[in-house]
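Single-structure report; data block below.
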């Protein structure tokens, strides 16, 4: 296979992996914990995964502490936790 063909195959596999939803059995356990704003007062826009609604929701993060169900973008939250 030519290098162009290999590059195309690699690109298609990468795209497929990005578009494949995360199943609940593969979802990290921290995606199921409620959001924790932390103990500081920085008022940072963040996102957490809500397993009941099965989507990522915006919340205000204090900037320190908290838990792992805390993402800088909705996209990062979806890639990690959403089905």
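From the backbone N, Cα and C atoms, a Cβ is placed for every residue, glycine too.
Per Swiss-Prot, disulfide bond is recorded for 31-81, 40-64, 56-77, and the stated evidence type is sequence analysis. The domain 'BPTI/Kunitz inhibitor' feature in Swiss-Prot is assigned to 31-81. Marked as signal peptide by Swiss-Prot on the basis of similarity to another entry: 1-24.
Annotated features taken from Swiss-Prot, shown on the structure.
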residue : record         : contacts (Cβ under 8 Å, 6+ apart)
31      : disulfide bond : 49, 51, 69, 80, 81
40      : disulfide bond : 62, 63, 64, 65
56      : disulfide bond : 47, 48, 49, 50, 71, 74, 77, 78, 81, 82
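The Cβ of residue 81 (disulfide bond) has 24 other Cβ atoms within 10 Å, all protein chains considered. Counting every protein chain shown, the number of other Cβ atoms lying within 10 Å of the Cβ of residue 64 (disulfide bond) is 11. Residues in the domain 'BPTI/Kunitz inhibitor' (31-81) partition by DSSP class (helix H, G, I; strand E, B; coil) as 10 helix, 15 strand, 26 coil.
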